[in-house]
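Student: Quick one: this structure, given as structure tokens, is what I'll be asking you about.
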Amino acid sequence: MQQDPSISSKQKSTAVIKMVISMVIFGSIGFFSEHTNLPSFELVFVRCLCATLFLGFCWLASGQYKTEKWSKRDVLQTLACGFFLVFNWVFLFKSFEETSVTIAISVYHLAPVLVLLLGSFFYREKLNVISVSSIIICFLGTALISGINGSTSLTQLMGSGIIWAVLAALFYAFTTLLGKGIHNLSPYTTTFLQTGLGVIILIPFIHFGAFADLSQGNWIMVVSTGIIHTGIVYLLFFDSLRFLSTKFISIIVFLDPAVAIVLDTVFTGFRPDLYQTLGIVMIFAGMALTLVRRQGKANVTAEGTDIEQIQ
């Protein structure tokens with residue numbers, strides 16, 4: 001990502017603040033989701049609905065719809081990304097239901113490594129020693145976190161929440177790879193189309209009775225995940241991208257999981273054991289290694305950049 005030389009220091013400072021705020025908000029979504037008292041499908045449905053309405057209003061109010069360059073290929077690819085994105089959210093929130101936010105978020109951040117692995121398969125991208133090392137380190141870290149051993153059954157694995165976090169990471173990786181081919185539509189439009197698709201495809205799975213017993217506090221958390229964690233945060237995120245260097249973004253994205261882990265340990269009292277702690281460190285060390293390969297490069301997708309992980 002090349003910075004415009006005409007960017008002023010004030011613009012850059014403002015962009016840094018926006019990016020930091022967006023990463024902090026992204027990092028708090030696990031904490032918010034645990035206080036919604038909604039299952040994953042219903043929570044993602046509300047998130048998609050609120051985000052679609054909010055981003056649609058901003059898109060129309062700003063007049064940006066007048067400058068969009070529509071193409072059938074981009075729209076179809078955006079919708080395909082939207083399918084994977086929506087179920088990425090479903091699986092992520094499902095993992096929050098079954099395990100701690102710390103464990104779920106750590107495993108979820110396998111996504112950049114999975115992009116490397118899948119990219120080598122689908123796009124014939126060569127893996128160097130650093131890439132292979134990062135993949136091995138991350139998967140060993142995942143094994144330590146999940147406590148997998150010779151006696152671990154499929155039922156135990158499914159009930160641990162780890163499998164849902166892995167599926168969320170896998171679907172995010174597919175979202176990233178598909179998003180590389182979207183060139184003409186703006187990030188606001190792609191996100192609007194994807195969340196709108198989410199509303200449509202999730203309706204058959206929604207149990208509306210789940211909303212009947214929500215308290216006022218639950219509703220505040222529910223609406224926040226849609227408007228703040230999806231709508232407002234994307235405005236902050238995308239508005240700051242073009243003013244910041246790839247190197248800075250590569251570093252600041254670690255603020256997202258850091259906030260999630262701090263909130264989980266402070267407010268829920270979760271304490272990972274020695275092996276889980278080692279696994280968490282290994283996953284983020286492996287993720288950091290992937291940045292060595294991609295330093296100086298950034299491809300903006302419907303959800304962010306290929307060097308970055310957001311919820």
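Glycine residues also receive a Cβ, built from the backbone N, Cα and C atoms like all the rest.
These figures come from a predicted structure and were not determined experimentally.
Among the features that Swiss-Prot reports, domain 'EamA 1' is placed at 24-147. Per Swiss-Prot, the feature domain 'EamA 2' maps to 166-292. The transmembrane segment annotation in Swiss-Prot covers 13-33, 41-61, 76-96, 103-123, 128-148, 157-177, 192-212, 218-238, 248-268, 272-292, and the record cites sequence analysis as its basis.
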Student: Sort the residues of the domain 'EamA 2' (166-292) into helix, strand and coil with DSSP and give the three counts.
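Tutor: Per DSSP, the residues of the domain 'EamA 2' (166-292) fall into 102 helix, 0 strand, 25 coil.
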Student: Would you mind giving the whole-number mean pLDDT across the domain 'EamA 2' (166-292)?
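Tutor: So the average pLDDT across the domain 'EamA 2' (166-292) works out to 85.
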Student: Going by DSSP, how much of the domain 'EamA 1' (24-147) is helix, how much is strand and how much is coil, in residues?
Tutor: 102 helix, 0 strand, 22 coil
